[in-house]
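Here is the structure we will look at.
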Amino acid sequence: MKRMIRSHGRKTECQMTGAGERRGSAVGALICGSGTRRGSGANERRDSDVGPIAHSSGTRRGSANETSACTRTDHQKADIGLWFMFLVFGLCSWLAMRYRAQ
């Protein structure tokens, strides 16, 4: 199941172009982000590398070309921001419920 979600997120990320890319980044961050964060740490380290290593690993995994590797880094930035906002929202709501109960 995890593998399916991860591959689906990559596929939508590669196919999105133009106007759909803005809309897809938030949705893709939820779909693909959950898969990449749960995935192995080695996978993230490989994506963070810049140069032929990152591109070769991307083509081996089935990504189309270098542009998908470039959008992946932008996508990860949006993903981190989204998770941070979600974490802050969850913390605030938890604190509000806790103090309301007292």
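Here the Cβ of each residue, glycine as well, is placed from N, Cα and C on the backbone.
Residues or ranges marked as region 'Disordered' by Swiss-Prot: 1-21, 33-71. Here Swiss-Prot flags 1-79 as topological domain 'Extracellular'. As annotated by Swiss-Prot, compositional bias 'Polar residues' applies to 56-71. According to Swiss-Prot, the feature N-linked glycosylation site maps to Asn65, an assignment based on sequence analysis. Taken from Swiss-Prot, the feature transmembrane segment applies to 80-97, supported by sequence analysis. The topological domain 'Cytoplasmic' annotation in Swiss-Prot covers 98-102 and is backed by sequence analysis.
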By DSSP, what is the split of the topological domain 'Cytoplasmic' (98-102) into helix, strand and coil residues?
4 helix, 0 strand, 1 coil
Looking only at the topological domain 'Extracellular' (1-79), what is the model's average confidence as pLDDT?
53
